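Accompanying notes for the structure given below.
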């Protein structure tokens, strides 16, 4: 007997037709296959029910499987008379039955039973074929109506209905667009559930039933885009946390009884602060009488130590320690002064505090003044004094950023050099300038070998940026290029512009004819397109001579080799250091062109939940995470919290906003510098982008954002980032005026840069910013800067190409829908609608002054109708829009390949052939478009004399007729002709179409 079975997983339905008279339905699904019938449980009063139930049909004859059909019917159960009302059905044939590894969840539009049925909605099914002998077929139900409270009988192998999948409804409760599209939803747990043991499945079923009865309220889940059907794990979830200003509900703060904190976008975290300032009159130790003192601050199992000084009795540390209240495992604080020794550190003295007597400081109160405390070493021996300040405070305290944090470390000690990589800091990226160099000419060049200068070119270098002019030839000693090159430089200008004239004397041999070093600080700055004065620069024989400026000492020399240059710093441009689509700053480089801010952006980085282990420590998986936020020139970095898969940061930051068309980027990284500084890379965990224009002014957005990263194995959720965001507008009038001003500075329009040049300059700018930020303490490493700036967004990706194509099709879908609707009107599919369109068309033709008001009124009505379904939360990464769900493994492997490729020649050849096939299809489409355009030109260019003659006669007659008749008449006749009844139509194309298709194109002349 065959073990082949057809598995059907009924996931859920969406936007069903209400049938109970109260705007809802009690729905269930019946499955019919090869004489077998199964039924799901009934979901009472739910127009978007979720079942997640699996059924297995026996396949008696595998050879007949391609000819069998599966019917899934959705019904409403009427309890009053125990009847069922049809809500729609799905009819699937043999090609839909695929192996389990190829099966995905598809949402099929429900079909009507007959022409007059009112049906809408979609049903999500996953249909697959399996031959696993451990799976038994489901028990068919008798032909009775299902009970609402009855639990669907399943086999032990059946995948359970988990609590998470039950309460997290992937379908939006709002009324969405009823387009008949198929949605591909991956389920990361399907394979695991498919292979689970019967005992585990049974336990999970019982556990799920108890959890469903617990009555927990479901979380509010919102999709990034209206109508999107991303998996629930990838959706944005609204939260209602208690922050410093009170509880946030619906974007508004409900004030509590306590005083509002200045840090009102984060949860207050209480710390015990200990400031160790200095010591005096410490006793001498050892034979030599020297003392190497340091201080150890200890609360329970957590302790922090200052750096030690050698051979001093009056050290000064000025260091702050912050112990989180949840880490305070004791009611006393002990501050011990110790002497650093090779074998065992000695105790000099200690100061102890009762935590119940420690005062509390609330900003903006002034800092607590430190006091001198006598050191106690027992037996009433007191020697030396220590200056301390101890108080309770929150993260709003100004001592918090530079303090040593107990919640950032595990109880085990971590070295002080590693702790330098864990502090929270604010960075300012350097101000970037475009350096425009015009190489004009060079004179009096001579070769050391007295040979003729054949191919001479100029090489320009600023730091790691090297550009070359085109080679030129000359028989005399004057060479002329007249070529402009552009670089990116950062203030302060540390590198010189190195200009060297090279002569190619062999296939791989170049001779330097002269070198000049130009300090960028001496270059002219401009904020417009005014002309820059050119200068002659002397060329030295070597780089060292050029850097030392030895030409000033050689006035006695008779001849100088010199070069004519124009060097300026263009401050009228905005230097892009990230992708142009989500740039965080659009201001020009020159501060003279900066406008006043129009608002402020505040974010509170609350926590990260559900992280995946990124490394192993002591035989277990863990991660050491920190967050980086970038907006404008300001970068912020939170403190690193070690050994935690659910770290809590509660750090708040503020930026000035100068343009609403900018994007805030927040990334989460794993710190790889703790145990091996400068040895490992910081691993990326995920990032979130927030466009400022999508935020309502004054509203607080508290949401958890999924951290999605594309891996070679597919898209993966690494955790969830919990943030609070608020955009405050200073002046709504200024904000509205900004929408009508140029998007970029004026120089981008007066003297625009081409796309290729701008992309090269962008990559150079990212390298400059990464080099500068890597020199800070703690450094922002290069891989972090590149990930935040999306340096790889310009590389080829088959996935991105498909995603952009589908985005383009979505943009034109509205126009295509209008065209299809007009086609239905012309075909009289809905006679009443066609008659109304005739009346409207007649009114607009007779009264053309109503045309524009009608169009604008229609747009107004559409906009106000869509206002009900406006997105309430900022959009986020959409896996469906990014085409990350249906991408093949080979396409992902190609996307993650290095540039240039490191794959074998066979793989590269196969991918090249695939790219050629795709390009061939694009080539055919472009050729067809060109053919239609050439046929239009052929109407008047006499390539076909007879066709052009007939068109000329038609134009002449039409000109006379239209001159003597009102212009409304031909428009009316044309419109009525296009909307004529099907009885008056002919199946063959009309005469104008036939005439146009016979016109010649230039395809005959192509090779």
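Each residue, glycine too, has its Cβ placed from N, Cα and C.
Checking TrEMBL for region 'Disordered' across the ranges 133-155, 156-178, 179-201 points to 179-201. In TrEMBL, the transmembrane segment annotation falls on 835-862 of the listed ranges 835-862, 863-890, 891-918. Residues 825, 968, 971-972, 975-976, 979 of the same chain lie 6 or more positions beyond the ends of the transmembrane segment (835-862) yet place their CB under 8 Å from a CB of it. According to DSSP, the domain 'C2' (582-705) comprises 7 helix, 63 strand, 54 coil. Only residues 6 or more beyond the boundaries of the transmembrane segment (951-979), in the same chain, are considered here, and those with a CB under 8 A from a CB of the stretch are 825-826, 834, 837-838, 841-842, 845-846, 848, 939-940. Taken through DSSP, the domain 'C2' (413-537) splits into 7 helix, 69 strand, 49 coil.
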